[in-house]
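The feature region 'Disordered' is assigned by Swiss-Prot to 1-67. Swiss-Prot lists 11-25 with the feature compositional bias 'Polar residues'. Per Swiss-Prot, the feature compositional bias 'Basic and acidic residues' maps to 26-36. As annotated by Swiss-Prot, domain 'Deacetylase sirtuin-type' applies to 237-527, with the evidence given as sequence analysis. Under the heading NAD(+) binding site, Swiss-Prot lists 262-281, 344-347, 471-473, 496-498, C513. Under the heading active site, proton acceptor, Swiss-Prot lists H364, citing sequence analysis as support. Residues annotated as Zn(2+) binding site in Swiss-Prot: C372, C375, C396, C399.
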Amino acid sequence: MTIPHMKYAVSKTSENKVSNTVSPTQDKDAIRKQPDDIINNDEPSHKKIKVAQPDSLRETNTTDPLGHTKAALGEVASMELKPTNDMDPLAVSAASVVSMSNDVLKPETPKGPIIISKNPSNGIFYGPSFTKRESLNARMFLKYYGAHKFLDTYLPEDLNSLYIYYLIKLLGFEVKDQALIGTINSIVHINSQERVQDLGSAISVTNVEDPLAKKQTVRLIKDLQRAINKVLCTRLRLSNFFTIDHFIQKLHTARKILVLTGAGVSTSLGIPDFRSSEGFYSKIKHLGLDDPQDVFNYNIFMHDPSVFYNIANMVLPPEKIYSPLHSFIKMLQMKGKLLRNYTQNIDNLESYAGISTDKLVQCHGSFATATCVTCHWNLPGERIFNKIRNLELPLCPYCYKKRREYFPEGYNNKVGVAASQGSMSERPPYILNSYGVLKPDITFFGEALPNKFHKSIREDILECDLLICIGTSLKVAPVSEIVNMVPSHVPQVLINRDPVKHAEFDLSLLGYCDDIAAMVAQKCGWTIPHKKWNDLKNKNFKCQEKDKGVYVVTSDEHPKTL
């Protein structure tokens, strides 16, 4: 089965642009929905963003992949998001990435469409391999010119379903269906040493019947729809902001800087991050949990709080200390430049550094306070720290008497006792093992984010004039979506140990966060209010440009690239 008229079907549908404005509700939902059939090369599938699909896609006719499915692909790929004055800020943010200006980096036009060839002697197909630069350029081309020209440029006139597969790969995605991948791998050979275009004359250009079943073709078309929608929801890098000097100049002129921080800002203090090879989740694999994240699962906590309190001492933050990076943010506040610091950390070190509560949003809560899960009595978090260090369940004094009745043999505060003592026959079935247990006010999986996050972000994304993401891999939604909420003309800077490949930062400074903060302060002529500043201000830093807008920062203390 060949697909000679697919481009015509897609192009014809693309001519009928969506003229009505996308409603705030539709657009906000679109931002938060996530594709389930494809995963990004650099990001888990549950973190993806996609535009909502029209009903026609949900009931695709699998017996006619050349008819309704082609039209549906064109319909979704050609959707345009147009902001209006009364749109929700979250809706405007997604719509704004579609608009283009002179500040946007213009992509290169490829030399020709994707080439797939077939060896007539053995029937094996030869597919292309793509470089990181080619993938980035393709995504930029789609954003800059739209789906119509993108498909017309990257696909040949006559094509089969394998072209759809390779177009998905070119955009930086991988098909998740293992059965489909197995079929493709059995008929395709990727020559890693030479490009398909350079292979000998024994390889003929593909114009034979489709090697995949109709159902598999439909699956690929759906995946391409999702890939296109994901790309259309992300921003393009700015053409006039890609050097350290650009960053320094912007820091001097910016007045409303939005700072998003993650675990990397605290690792210099000995606090582990969560997802690295040496992070917290790696250290607790020995507990035998199906998923290490279960220690922060709210439902599990309510049924057995000892799961969390067995390891809580490992994430308990040190008191009254903070890093030079925390003080760098405090410096921005002192200069009247800090709009807000959104932190994913639960250690509350920002407050120790002096960042005011009105400038701080603890997206995932913190150890600053604790609350009884039964009567909701609230107290300062430091009052349960000793219990946590001693592997004891912190219990509410107001619920203690009742807990003793429900758990006559296991009412005490030893970790694990409540989960193993006191049978269900001795208490009502609705009384959980967490009765009367104090829980730190950190946001567990299954809990809603604090109201302050939702209230603040709606205003801040429209007011900020610079976004700086520090020490975060941006893998936890909805905080990770902030980079796509901010208007496209606002410069975005990453300061992190490792690159974040699923976001389009204008400038990435890779290295130790404290070092980079000190280097930036030196170049700005500023003083970081931290006890280590006397050493940091005289430190020598080297910046090595790895790619356009990507620099590796090293020092005498940390000479190795990361």
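Glycine is treated like the rest: Cβ placed from N, Cα and C.
Feature map: annotations from Swiss-Prot on the structure.
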| residue | record | contacts (Cβ under 8 Å, 6+ apart) |
| --- | --- | --- |
| S266 | NAD(+) binding site | P317, S323, N345, D347, L349, G471 |
| G270 | NAD(+) binding site | P318 |
| Q344 | NAD(+) binding site | L260, T261, G262, A263, C363, H364, T472, V476, V479 |
| C372 | Zn(2+) binding site | N378, C396, Y398, C399, G436, V437, L438, K439 |
| C375 | Zn(2+) binding site | C396, Y398, C399, G436 |
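H364 (active site, proton acceptor) has a Cβ environment of 20 other Cβ atoms inside 10 Å.
The Zn(2+) site, placed at the center of the C-beta atoms of C372, C375, C396, C399, has further neighbours from the same chain whose C-beta lies within 8 angstroms: V373, T374, H376, W377, L395, P397, Y398, Y400, G436, L438.
Fewest Cβ neighbours within 10 Å among the binding-site residues C396, C399: this applies to C399. For R497 (NAD(+) binding site), the count of additional Cβ atoms within 10 Å of its Cβ stands at 16 [all protein chains shown]. Classification of R497 (NAD(+) binding site) by DSSP places it in coil, neither helical nor stranded.
DSSP assigns C372 (Zn(2+) binding site) to a strand segment in the three-state reduction.
With a 10 A radius on its CB, G262 (NAD(+) binding site) counts 27 other CB atoms from all the protein chains.
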